[in-house]
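> Mind having a look at this structure? Questions to follow.
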Amino acid sequence: MAGTTGRSRTEPVGSSRPGASRHHTGSTGRPRISQDEDLTKPSIAHRTTFTPPERIRNFCIIAHIDHGKSTLADRMLQLTGVVDDRSMRAQYLDRMDIERERGITIKSQNVRLPWKVEADPATADATAVALEGDYVLHLIDTPGHVDFTYEVSRSLAACEGAILLVDAAQGIEAQTLANLYLAMENDLAIIPVLNKIDLPAAQPDKYAAELAHIIGGSPDDVLRVSGKTGEGVAELLDRVVRDVPPPVGDPDAPARAMIFDSVYDIYRGVITYIRVVDGKITPRERIQMMSSKATHELLEVGVISPEPVPTKGLGVGEVGYLITGVKDVRQSRVGDTITSAAKPATESLGGYRDPKPMVYSGLFPIDGSDYPLLRDALDKLRLNDAALTYEPENSTALGFGYRCGYLGLLHLEITRDRLEREFGLDLISTAPTVVYEVTMEDRSTHTVTNPSDWPGGKIAEVREPVVKVTIIAPSEYVGTIMELCQSRRGQLGGMDYLSESRVELRYTMPLAEIIFDFFDSLKSRTRGYASLDYEEAGTQLADLVKVDILLQGEAVDAFSAIVHRDSAYAYGVAMTAKLRELIPRQQFEVPIQAAVGSRIIARENIRAMRKDVLAKCYGGDITRKRKLLEKQKEGKKRMKMVGRVEVPQEAFIAALSADAPSSKDPAKK
């Protein structure tokens, strides 16, 4: 946009500037607005809200993982003045330690940015001149990993526009397309942007043409920015004001607001993040949850800028937070509609589709007395992670715990890490499994998420979940990718060349084959250049069996697994060999067997420890020694009949570790 350089954009809240003497600061250190000020002025509205909807723009940044979303958000925070240079740190909006360590965004974060559009009448067109003035931009930074697509979909529902960010050195990747389709489903205005143009390896012209070809339009419409240096970011914010439509709603209708996230604070209770659709919401009024009809008094209403700032209320199109003092985490459900208790709305807003777990795993506390703490921790975590599902589970080997459902393997790892860090728990997680549908010969059906629930008797058919996998990679790796997918029971659905050097492969694969190390294998075979995305594609018939691990002839439920019949032998051999190394030797020989039904398919023996009963016989008659040896043999035989094998906790942890399966083909586990 013309006339956008070399000007002072906006001032941080509470900055000392001419005319700021009316803004007195109270004991809280926040600006207080005097009564004579016009609350409709956008510059003041940034602090009091009830901003006119035509001055609001709600947008999010969507991209593949590692394409620079959080870095671009950092530059926007600095450019708009809500974070000064002294307070700035890299990935400012990534608040969790685990996000900063891994360098990925897990939770969507929202922030309110003031922005002033200026245009030079001599050089700018009529549209640019008409858009001059102060605006409030609501930015939502979203995750890029496939496991957190649900987080992205919730963020998109609170926006009218999306910045589609593509790395100028890597180009379009699988998750870029997945997020683009999500944005199109939500009818968002899409602004295509190439990031990292400062890199020596950047090819902006090539990838601008690729991006324009996919979304339709001219390569000249693709903005070029650098999140690292800040180049082009001011023009991007002007483009957001120009291209993203303002929110639509009725300010005089009964209040309706959509909950798109919530978090638990140990001092203040549940903090709920909302987007106001109709009416207005003010502190001290009573609100009603439309799904449960529960009513609460609003203790505080405010905006995130980027720290929580209390305000006089929220109007149409605004994004902010509510605090009601409620400690019960079930009272604030993501996707619910909030309305006024005094004048309730009759119709709720369309909620989100509930996420369907793709991967299940057992979570057990190492110390059994931590079970109530685990239950409380899961309740609080679910508030912040609506995609997590769980139900109580009992294992004879591991005690009481929970069967948890996740959207993918990274989601599983992150959840376990958060439970251990944020709540101080020590946990074992069992090997991940998917959901199977088992039909018996009497036509009864069973849904199996745990190998211990596998039904006995005659099974007519088993159905397993399948996913549509999209892989984008350099064309020289097509052969090795096809070989990998076929080894995991994949069926090729199609193949397209995006350009001369990049190819898109579409496969239908069993989910069970990709939840372990498929992504790692794909990256190693393509030197890190391939990207992966997948979505549900129903179920298919499969030849699956349950492999039991027997110790002393008794099945140990924690080690059982559901695998394809062709992989049963490999799993049995790997698991028995692993347990032979982990279980300590006993006074008697211990057989470790892998069985499918009543048929033994693999066996290892833990040799007995031999006590030297002849130690005190220094000589003398051989019959004395023979008598002692015969007595020992009788004792060992009796011990083998009645002896029980105690499997130490460390052996369970090592054998069930979801992170490091020992078999040569871990996906078969």
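One is the number of the first residue shown, and numbering goes on along the chain from there.
Cβ coordinates are placed from backbone N, Cα and C, and glycine is handled just like the others.
Just lifted these from TrEMBL, have a look:
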- ASP66, HIS67, GLY68, LYS69, SER70, THR71, ASN195, LYS196, ILE197, ASP198: GTP binding site (BINDING)
- 54-248: domain 'Tr-type G' (DOMAIN)
- 1-48: region 'Disordered' (REGION)
> Any idea which of the binding-site residues ASP66, GLY68, SER70, ASN195, ILE197 has the thinnest Cβ neighbourhood at 10 Å?
ASP66
> Measure between the Cα atoms of every pair in ASP66, HIS67, GLY68, LYS69, SER70, THR71, ASN195, LYS196, ILE197, ASP198, the residues the record assigns to GTP, and report the largest value in Å, rounded to a whole number.
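Between the most distant Cα atoms of the GTP site, 17 Å.
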> How would DSSP class SER70 (GTP binding site) in three states?
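SS state of SER70 (GTP binding site) = helix.
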> According to DSSP, which of helix, strand or coil covers ASN195 (GTP binding site)?
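ASN195 (GTP binding site) sits in a strand per DSSP.
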